Amino acid sequence: MRMRGSVLPALGLAGIMVCAACGGGGSATAGGTRDGGGTVTLDWEMWAGSEDEKAQLDHLAGLVTQKYPTIKVNLRTAPFNDYFTKLQTEFAAGKQPCVVSMQSLRLGAYADLLEPLDGKADVQGFSPAALQVLKLGGKQLALPYDLASMLLYYNKDAFAKAGVPEPRSGWTITDFEQAAKKLSTGGKAGFGMSFADLHSLSLMLSYNGAQPVTPDVKLQFDSQPMVDALTWYAGLAAGKAALVPASSSDVGWGETQFLNGNAMMAVDGSWNIGSAVKDAKFKVGFAPLPAGPGGSKTYLAGSGFGVAKGCPYPDEAVKAVSVLTGADAQGYLAGQGRSFPSRTAQQATYEEFLVKQDPANAEPVRAAIASVKEGLAGGVPLFTTRNWDSVGKLMAQYLIQVYTGAQTPKDALATIQQQSVRGQ
Amino acid sequence: MRPRRTEQWSALGFVTPSVLGLGLFTLFPFGMAVVMSFFEWPMLGSRRFVGLENFRYLLGDDPDFLTALRNTFVFTGLYVPLNIVLALGLAFWINRSRWANLWRVLFFVPAVTPMVANAVIWKLLFQAMGGEPNLLADGRTALVSVVVMSVWQGFGYNMIVFSAAINEMSPSVLEAASIDGATGLRRLVSVQLPLISPALFFAATMTMINALQVFTQPYILTAGGPGNATETLVMNVYQAGFQSRDLGLAAAGAWLLFAIILGVTALQFLGQRRWVHYES
């Protein structure tokens, strides 16, 4: 009797496991549906941090139906920090949306899952750089809706007080170093350091052209130019001209210390121009990154919308992406101050939004936009490998050891290279 | 005696919901993790059977796993004794204090506030303390800093457990001990600690299990750095699963961690016969 009592639940368990296994293996067509009337509803996954942002995106979704009455877009959102975790889980489960929002730095991980759009979508009117950052291996994997370059943010008040000439176009690495030293007084530092990819690598790129990833997307952290550039960058800390991040988890260190008034300069992206002007308790100035022998350079990044492979309605999805990144959508987003538009014609609207938002700071904002445009001219897309998340984690863990002097640049870069080469 | 057939059916009815729940949400994932650990199982893309390769990689080639193992043991070795001693000391002190309930609430507050919030506040504290390099950025002090924060966060729970056990100590036994002349340290070691030994055993076991699974504190405070000075086993599993997107490797790491926890807990259960006294 006892035997039988335990056999029954055990059989039940086995049944559950079998059922769950078969349930997981099934492949439901995901991402879109067509109703009896022929209207296609496409899922669109996008990051959004607030109700305002969601409303903006809903407006864009409405534009699609306005142009193509038989296509509806069903928006799903997640906060940016969770977005890519959610997206990869959806792909793993076969529940991916048809329209996928993608950031250029994550492109490496998703390249195999996105339908190339070359020849399918009209790319007229986009800034060439914006298209470039969403290309990998020569294929256009998404259409851009925004574009970003890295800028030097500086504290105008501190420069005036120290009597140091303000940074401007043509400012060199030497000018930058001297200013950083002069501004490091009274417990404040001239520069806020970073180990985040765009923030640290852009300045190293401008210093001597060092690049951690080859054009055919292979890691080369241990190359000699990288060693030289990191040696110089870490030297800013050794010379007491820069603030070292307090721990490996301080990803936004430089720009935070800058806004707090603890560092007088920092590298940050063009997406923060508006908020920096608004939030800082001092006057913020903007300039292109200081120029090395090859001139001022910066990495570019951008975001856009692509079409998932296996989407049951690819033609409709391409149409939807074209409207979501179209001139109307871009004009609307620029007017809302969302970010620097990927379409050349709408970039002026964005500038006007920023100026109107804070008329007293019109001059620095216009300088910022001029710097962004200069950045785009000298800009290079940062191509990322499949395992760029892990690379970012290693940079956080090992670059900080170089900044504190606990490890040599050569050793740290060799460690990063060695540990990340397996998954590239 | 044979239960009647109708009783069997009702028993089955009662047991089915929990068996279903256990099967679906515990045993099935548990079994899946075993299966996955023998596969190269990328989150995106096709999977492939690789036998013990994931385990071999973790124990042989993975540059971080053995360090993470060492860090986890160092963390546990520091955290568990500190936590228990602090909780025990304060519990004894509080029980004699006039404001016992006030202290209990105060010391319990860190245990009920979200760990992430606590860790963020401590990170700000470490930053405000300054120092070059910062305690969290120095490979020699980073792990100890994580231990300090964790003890602050964790001892309140054990303190409440001990405090309750101390209140429950049999007055007749204590009185007999004092008539026999047991005072001070003698009374503590030979009478009071044996009386609360079941609570001590419970606290030590649970704290040890939690310590071996440490993740949130180092994740927020140091992100495993500088270098891999604060990388722990669960962080290694998380990294394999969600950053490298290698679910097979993550499952293998999780299984090794499970085996370690099972082993350590089994040892504690075997050892309890020597020092834990249950009232009969």
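Placed from the backbone N, Cα and C atoms, the Cβ positions cover glycine too.
Those TrEMBL annotations? Automatic predictions, nothing curated.
What TrEMBL records for B:12-39, B:73-94, B:101-122, B:142-167, B:188-209, B:247-270 is transmembrane segment. If you look up TrEMBL, you'll see B:69-268 marked as domain 'ABC transmembrane type-1'.
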Exercise for the section: State, in range form, which of B:12-39, B:73-94, B:101-122, B:188-209 has the highest count of Cβ pairs under 8 Å to the transmembrane segment (B:142-167). Expected result: B:73-94
Exercise for the section: Spell out yes or no: are there three or more C-beta pairs under 8 angstroms between the transmembrane segment (B:101-122) and the transmembrane segment (B:188-209), with each pair 6 or more apart in sequence? Expected result: no
Handout entry: Spatial neighbours of the transmembrane segment (B:12-39) far in sequence, C-beta under 8 Å, 6+ residues away
Key = 47-52, 54-55, 247-248, 251-252, 254-255
